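Down below is the structure, laid out as structure tokens.
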Amino acid sequence: MVLTILFSAYKLCRFFAMSSPRPGAERLAVPGPDGGGGAGPWWTAGGRGPREVSPGVGAEVQGALERALPELQQALSALKQAGGGRAVGAGLAEVFQLVEEAWLLPAMGREVAQGLCDAIRLEGGLDLLLRLLQAPELETRVQAARLLEQILVAENRRDRVARIGLGVILNLAKEREPVELARSVAGILEHMFKHSEETCQRLVAAGGLDAVLYWCRRTDPALLRHCALALANCAMHGGQAAQRRMVEKRAAEWLFPLAFSKEDELLRLHACLAVAVLATNKEVEREVERSGTLALVEPLVASLDPGRFARCLVDASDTSQGRGPDDLQRLVPLLDSSRMEAQCIGAFYLCAEAVIMHIKNRNKVFSDIGAIQSLKRLVSYSTNGTTSALAKRALRLLGEEVPRPILPCVASWKEAEVQTWLQQIGFSQYCESFREQQVDGDLLLRLTEEELQTDLGMKSGITRKRFFRELTELKTFANYATCDRSNLADWLGSLDPRFRQYTYGLVSCGLDRSLLHRVSEQQLLEDCGIRLGVHRVRILTAAREMLHSPLPCTGSKPSGDVPDVFISYRRNSGSQLASLLKVHLQLHGFSVFIDVEKLEAGKFEDKLIQSIMSARNFVLVLSAGALDKCMQDHDCKDWVHKEIVTALSCGKNIVPVIDGFEWPEPHTLPEDMQAVLTFNGIKWSHEYQEATIEKIIRFLQGRSSRDSSAGSDTSLEGAAPMGPT
């Protein structure tokens with residue numbers, strides 16, 4: 001009776017949800033004998049005999065499968081016997097609808113869909129789909145790819161597709177077009193990158209990564225979302241070798257337009273996840289930083305609500321049940337990373353997943369994967385407000401105790417702060433002995449194992465190891481600004497995040513960065529307490545190498561701060577093109593400045609003006625309505641207006657790039673910017689991006705866009721200027 005009510009209620013909800021048009025709804029309609037829709041979802045059908053299912057499933061899941069499996073078997077049988085393209089298409093659509101609606105079932109959707117996916121594999125459906133993916137008819141390949149994307153659960157990835165289907169998928173990826181096929185193939189690659197490290201590396205080596213990076217320049221939202229998730233999965237599951245190949249193929253740069261999107265928050269978050277994972281690899285961290293994509297992570301996360309993000313995931317069929325334990329486990333190392341961006345995006349995703357798991361009463365999974373302690377560590381030690389707030393929210397949703405934040409200036413702690421810290425790390429039984437010995441922050445940071453055993457009564461060697469593990473973490477996250485004048489802590493952290501633990505021992509001996517190269521290894525051991533010989537060697541080697549290179553903290557201005565190109569754009573219509581231009585120009589060796597909304601309040605205008613003045617070239621993105629706000633702006637308050645006027649007054653090489661823009665009459669613009677209409681514009685082509693970029697580069701390399709001969713090039717990109725007449 002309860003199951004009947006559940007299914008009836010779900011049918012009623014879907015009726016009201018489908019009574020108004022929604023994107024993609026029409027693809028779920030299955031033609032019936034009269035050409036109309038089918039008889040309705042399988043869970044509302046009655047009169048079917050029971051079918052045996054796995055004995056371990058719950059009663060509700062078993063009931064749903066008993067209704068669905070006969071209908072699925074019938075649809076698969078009809079698909080196998082289909083003779084023509086129309087019949088094959090109808091069969092694929094019917095199976096697709098059954099699986100799609102299973103994923104959308106509330107609470108038990110993952111289990112029911114898993115059962116259907118297993119049945120398709122056992123009935124030979126995977127082999128059939130792999131054959132249909134090689135069919136000559138494009139529509140058949142599109143529908144088969146769409147269905148395969150829906151059923152690539154772990155067992156199906158492992159059983160057949162990874163063993164015999166990678167070649168078929170890679171051949172489809174080489175087609176690149178049309179977008180309907182690319183969308184599903186990107187989704188398939190998204191799933192297959194999760195299969196194993198070996199499979200991931202095979203896909204990277206055989207062209208799968210190249211296809212995903214190529215599609216990053218497209219504009220289809222669903223395709224771009226698959227690309228972002230595919231790159232995130234490749235980074236998380238492919239190991240360091242795959243991460244190196246991703247950076248070599250400039251994946252960090254191609255993630256920029258995805259993370260810079262103004263229309264799709266899910267897309268931006270998945271792209272930020274991908275670049276944050278890449279940045280945790282110390283071998284490629286610097287290259288990832290230079291891409292500029294990493295700077296987008298924290299501002300984006302700070303602007304979003306994980307609860308709303310969780311609702312978006314629940315509303316999508318492929319994420320409605322939240323991530324599985326294996327996927328969640330991959331997020332935990334982000335929390336333990338030394339990179340703030342990785343901690344921030346990891347805390348956001350786990351907070352959103354905590355919302356979903358809280359609704360579905362599956363909180364235990366967070367304890368199983370070890371996320372609770374990592375979240376508590378962030379609350380205690382993170383100095384980033386966004387990260388700490390997200391970790392607190394996740395812990396509350398999971399019903400866990402939220403620890404108090406640790407004051408970062410540990411050296412200044414009084415005895416009371418030491419007592420609080422002992423209680424938080426689970427060493428309350430030693431509070432009395434620490435109190436009797438009057439241990440404050442200074443003594444805590446210089447505590448030795450002998451003192452811990454003899455003076456503080458910690459007899460067990462294992463207990464002392466646990467204590468020093470917590471103390472090392474405290475030393476690593478501590479702020480030494482009050483005693484570390486040469487910023488030794490950050491320099492040590494740049495060698496290895498673990499080396500920050502040695503900061504207080506070094507500065508307590510009166511050492512700074514200018515003296516470190518004069519110290520012997522024995523002095524580091526005996527005076528500074530650095531017990532590990534390998535660490536001593538690495539620190540001394542780096543200190544002596546530092547003599548031959550400028551200090552990172554010196555006041556000299558790095559050349560990377562002087563851009564070759566400044567890109568000006570209108571946010572509401574030109575963001576996507578501006579970000580694409582940035583990537584293309586970076587790949588051709590140009591340094592590019594583009595505002596990423598991370599400038600401090602009050603310094604926004606100064607930073608922009610300085611960047612324009614220092615850049616040789618000024619690329620003006622003229623998207624739809626780009627100059628509308630400039631009209632009647634006689635006080636020059638509009639940012640695009642200010643940027644154009646500054647570029648004109650500084651004599652910059654101005655290169656307008658046109659995309660859906662209509663030139664206004666000169667008299668409608670303020671007089672101080674009318675001269676911009678005399679420059680030759682380059683018409684942007686999404687279909688022929690490389691050709692367009694080549695022309696832009698010719699203008700940037702010394703051929704002024706004011707040169708009238710430039711506009712005479714007979715190419716599809718050229719757009720004549722509209723000067724005053």
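Start at 1 and count along the chain as shown; that gives each residue its number.
Keep in mind that glycine also has a Cβ here, set from the backbone N, Cα and C atoms.
Copied over from Swiss-Prot, here are the features:
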type	residues	note
TRANSIT	1-27	transit peptide
BINDING	W103, R110, 149-158, 191-194	NAD(+) 1 binding site
REPEAT	155-194	repeat 'ARM 3'
REPEAT	238-281	repeat 'ARM 5'
REPEAT	282-315	repeat 'ARM 6'
MOD_RES	S549	phosphoserine
MOD_RES	S559	phosphoserine
BINDING	R570, R571, E600	NAD(+) 2 binding site
ACT_SITE	E643	active site
REGION	705-725	region 'Disordered'
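In three-state terms derived from DSSP, I151 (NAD(+) 1 binding site) belongs to neither a helical nor a strand segment and is classed as coil.
Cα-Cα distance from E149 (NAD(+) 1 binding site) to R570 (NAD(+) 2 binding site): 37 Å (rounded to the nearest whole number). Taken together, the residues of the repeat 'ARM 3' (155-194) have an average pLDDT of 88. For the repeat 'ARM 6' (282-315), the residues of the chain that approach it from at least six positions outside its boundaries are 240, 243-244, 247, 250, 252-253, 255-256, 259-260, 265-266, 268-269, 271-272, 275-276, 322, 339-341, 344-345, 348, 351-353, 355-356, 359, 384, 386, 390, 393, 560, 582, 586, 592, 594, 596-598, judged by C-beta separation under 8 angstroms. Of the candidate recorded positions, R570, R571, E643, the one lying closest to I151 (NAD(+) 1 binding site) when CA atoms are compared is R571.
Among the listed binding-site residues, namely W103, F193, the Cβ with the most fellow Cβ atoms inside 10 Å is that of F193. Less than 8 angstroms from the CB of R571 (NAD(+) 2 binding site) sit K262, each of them six or more residues away in the same chain.
Here the recorded positions are E149, E155, E643; the one with the fewest Cβ atoms within 10 Å of its Cβ is E155. In sequence order, E149, L152, R157, N233 constitute the residues six or more apart from H191 (NAD(+) 1 binding site) in its chain with CB-CB distances below 8 Å. Taking only the Cα positions, the spacing between W103 (NAD(+) 1 binding site) and the residue listed as 'active site' is 50 angstrom. Cβ neighbour count for I151 (NAD(+) 1 binding site): 25 (other Cβ atoms within 10 Å of its Cβ, all protein chains included). Under the three-state DSSP scheme, H191 (NAD(+) 1 binding site) falls in the helix class. The DSSP breakdown of the repeat 'ARM 6' (282-315), given as helix, strand and coil counts, is 27 helix, 0 strand, 7 coil. Each residue contributes its Cα atom, and for V153 (NAD(+) 1 binding site) and E643 (active site) these two points are 51 Å apart.
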